[in-house]
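Trainee: Before I ask anything, let me first share the structure, which is written out below as structure tokens.
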Amino acid sequence: MERRWPLGLALLLLLLCAPLPPGARAEEVTLMDTSTAQGELGWLLDPPETGWSEVQQMLNGTPLYMYQDCPIQEGGDTDHWLRSNWIYRGEEASRIYVELQFTVRDCKSFPGGAGPLGCKETFNLFYMESDQDVGIQLRRPLFQKVTTVAADQSFTIRDLASGSVKLNVERCSLGHLTRRGLYLAFHNPGSCVALVSVRVFYQRCAETVHGLAHFPDTLPGPGGLVEVAGTCLSHAQISLGSSGTPRMHCSPDGEWLVPVGQCQCEPGYEESSGNVGCTACPTGFYRVDMNTLRCLKCPQHSIAESEGSTICTCENGHYRAPGEGPQVACTRPPSAPQNLSFSTSGTQLSLRWEPPRDTGGRHDIRYSVECLQCRGIAQDGGPCQPCGKGVHFSPAASGLTTSTVQVQGLEPYANYTFTVKSQNRVSGLDSSSPSSASLSINMGHAESLSGLSLKLVKKEPRQLELTWAGSRPRNPGGNLSYELHVLNQDEEWHQMVLEPRVLLTKLQPDTTYIVRVRTLTPLGPGPFSPDHEFRTSPPVSRSLTGGEIVAVIFGLLLGIALLIGIYVFRSRRGQRQRQQRQRERTTNVDREDKLWLKPYVDLQAYEDPAQGALDFAQELDPAWLIVDTVIGEGEFGEVYRGALRLPSQDCKTVAIKTLKDTSPDGYWWNFLREATIMGQFNHPHILRLEGVITKRKPIMIITEFMENGALDAFLKEREDQLAPGQLVAMLLGIASGMNCLSGHNYVHRDLAARNILVNQNLCCKVSDFGLTRLLDDFDGTYETQGGKIPIRWTAPEAIAHRIFTTASDVWSFGIVMWEVLSFGDKPYGEMSNQEVMKSIEDGYRLPPPVDCPAPLYELMKNCWAYDRARRPHFLQLQAHLEQLLTDPHSLRTIANFDPRVTLRLPSLSGSDGIPYRSVSEWLESIRMKRYILHFRSAGLDTMECVLELTAEDLTQMGITLPGHQKRILCSIQGFKD
């Protein structure tokens, strides 16, 4: 009987021209593929004559071998088997895949419509494992069924004629194989089928490079993921912070999954293009450590002569100061001060000079002054010695930052040589002496007493004893004396003395005298000192009589008795008040001790959340509560202002937070969690919980009422109305509250100005504990599985890995500081969340707000350290803010504003070099929008008009604050640069 189909060759041609499916991503290792066979397959047929048959078709000059079977015309049950040759599996893969390409004819397409009796459209796949080839014995009972193969699409004669026959592809897997090889068998129960190709293969994870680590070819395991350790590429090391050797996991499908850890290029190398290796830094570039992403160009006056440098060495004559890193430019000592000059007033000398012409590339120049006293003229070689302790320099003789110094205590008739040296932090590293300028001075003949004061030693009705500070001549033969000029309303006279001391006699009692003094030298008199007034004593009074003495004594005794009575009365009243205060303190302490003795817990530990809340909060009677106006609302509840009147207590204003009955269960849980957390604290800077209502709907949380509301809105309404000291005090309160939270192992996770409340005394309190969680310990972490994250306030590690710690709250506190100092501005302006995340990863940090004190901005930057271990703790932040509050002068230094760092606005399509299209847009970006009307009034409507503005122009426009002028002019200079 003919076993081939009608039109079989045409059908095969259509099948051979059909497209093959794309390959899988995993690497596939083929064990057998009939489509690539170079000769007849020679598979075992059973029965050999009437069952399956092998056909050959030429395609592009290459023979293609396949099997077909169509026993439809035979009638009755069909039992045709086709067995493959032995397929060697080896010792590697425990799972293999079988891919079949075949076609099946639709039974309804045969004559008669319903199809011949026994016609089917499926066939069966079997397999048998063996360690060797068993020959031509079929051994049907030893085969195990894999699956019944059904066609997704069958064809008809009409499909064949129109060329629309499509190829079916079936893929199945055989797992847990243990023998060295196997056979495949195909059982046809009565379908008209063509087996075009059979491919047997296994999958493996291909050799790859990930995170600068090499991972070899890896076979999947019998089940689950296989962990594979990688090897760092050449010149790469395990990344800082990684938990060990980089690892990836090979999945059963041959794909690499779940990378853990990575490698980084070692110092002196950077990632090559495509991140497939490490290349050495070229000459002139360096990479100092693994925290630096790329090779950096050598700073000014430093060189890297070889590739792969980790540091750039300074050029000859240039140095780095101690503590300066390799990223700092090399500098040199300054040149000598210029134009050293002096002026004298008596024996007081004023030295002045100008800064060095060459500063050496540094701004930390300090000056020191040396003084030598010489006999004769120093230039003529006269002997000189250092000036004695009597010579004083104001403000100091060394460490001067200004270019002037006052010298006092010099001797008349003496020659002095003053040397002014200019130094910076690298001067000590240079072998040569510091550059200096010298000046020789002759103090002349006269001594001035203009800066001295006459002092009264003793006075009597007819005598005055006076003294003053004088000098003794050092040169031989130099005689000094003093002339006094004394006068009153009736007379005046001059008196000569040899010592700086005089006793004036024969004066009038109870009379004022004006006295001044000057020195007399062989070259003439010096100038007079300022006038001083002295008054003699009144004449001695007569003696008291006996009666007067008795009256005085009686009055004294009466006064003493009165004072004793007042003292006894006040002492008793103070004792009663102290006892009352002690009783009150004892009561308060007992109440607080009961509160603080409660363990800090999370609501998660309770099966009934309502019961957990009541363990830390008082259940209030709704009758005690008066609900007033709505002060806030959200999707699942409202916040009201109301009044609470507890039994036997005065009525007080409270805030009432409600939860709608229709809220999801998760919100109900978090609602009670927030009450539980607040109830565990009694801190002046954490919102105080008054009680809860859980036994009636809606559920309510009652807290103290904060008159000024949320901090961000409060600051916007009072822009520039609060002094820096007030802002620091508010930040100190927030830091104190957060220190209390973190000290008890809580992480807030949503610290922002909108969640800080302000009362009428400007006291800030931390609130909104909906996202707050309890950590296992102080250094613990909390890992969330989902939910929204406030990107602009959240630390980078919390965004990337959803891991929250106290350090991530410190990052958020730095953003709150920025909000406070900018009076409620939005962090990062109009940047999108994606831009914010990328900018932070690139090292961008918020610029200082307008007029931000430099110490506060430094504190912000410390909070924004990328490495969370480098961020300060809240206790350190609290101490630092307390120190700033006690030293208000430190807040006068304003943080430098970099004009190149501005917050991007939506439109950046200005003219070339000016990334703003309007003046108002530019002023907003540098936080100077308050001056928009000033610019409009001055007719400055375009950005080109502002490029030539000067400080005088700004003053005429009404912009007079120096800090604001500096910010505007720096931004304009940034456009020009």
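Quick reminder: no glycine exception, Cβ is built from N, Cα and C everywhere.
Taken from Swiss-Prot, the feature active site, proton acceptor covers ASP750, and the record attributes it to sequence analysis. According to Swiss-Prot, the feature ATP binding site maps to ILE631, GLY632, GLU633, GLY634, GLU635, PHE636, GLY637, GLU638, VAL639, LYS657, an assignment based on sequence analysis. The feature domain 'Eph LBD' is assigned by Swiss-Prot to 28-210. Per Swiss-Prot, the feature domain 'Fibronectin type-III 1' maps to 333-446; the stated evidence is sequence analysis. Per Swiss-Prot, domain 'Fibronectin type-III 2' is recorded for 448-539. What Swiss-Prot lists as domain 'Protein kinase' is 625-885, and the listing cites sequence analysis. Per Swiss-Prot, domain 'SAM' is recorded for 914-977. As annotated by Swiss-Prot, phosphotyrosine applies to TYR600, TYR606, TYR782. Summarising the annotation, Swiss-Prot assigns phosphoserine to SER907, SER911. The topological domain 'Extracellular' annotation in Swiss-Prot covers 27-548 and rests on sequence analysis.
Quick one: where do these features end up spatially?
Mentor: Neighbour count (other Cβ atoms within 10 Å of the Cβ, all protein chains): 19 for ASP750 (active site, proton acceptor).
Listed in sequence order, LYS657, THR658, LEU659, LYS660, SER663, PHE671, PRO698 are the same-chain residues at least 6 apart in sequence whose CB falls under 8 Å from the CB of GLY637 (ATP binding site). Taken residue by residue with DSSP, GLY637 (ATP binding site) is part of a strand.
This prediction places the mean pLDDT of the domain 'Fibronectin type-III 1' (333-446) at 84.
Residue counts for the domain 'SAM' (914-977) under DSSP, split into helix (H, G, I), strand (E, B) and coil, are 41 helix, 0 strand, 23 coil.
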Trainee: Including all protein chains shown, what's the count of other C-beta atoms within 10 A of the C-beta of GLU633 (ATP binding site)?
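Mentor: Around GLU633 (ATP binding site), other Cβ atoms within 10 Å: 11.
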Trainee: Within 10 Å of the Cβ of VAL639 (ATP binding site), how many other Cβ atoms are there?
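Mentor: Its Cβ has 16 other Cβ atoms within 10 Å.
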Trainee: Looking only at Cβ atoms, how many others are within 10 Å of the one on ILE631 (ATP binding site)?
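Mentor: Around the Cβ of ILE631 (ATP binding site), 14 other Cβ atoms lie within 10 Å.
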Trainee: Just the number: how many Å between the Cα atoms of ILE631 (ATP binding site) and ASP750 (active site, proton acceptor)?
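Mentor: So the alpha carbons of ILE631 (ATP binding site) and ASP750 (active site, proton acceptor) sit roughly 21 Å from each other.
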Trainee: Where ASP750 (active site, proton acceptor) and GLU633 (ATP binding site) are concerned, what is their Cα separation in Å, rounded?
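Mentor: That comes out at 19 Å between the alpha carbons.
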Trainee: For ASP750 (active site, proton acceptor), which DSSP three-state class applies?
Mentor: coil
Trainee: Under the DSSP assignment, what numbers of helix, strand and coil residues are found in the domain 'Fibronectin type-III 1' (333-446)?
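Mentor: With helix first, then strand, then coil, the domain 'Fibronectin type-III 1' (333-446) has 6 helix, 52 strand, 56 coil.
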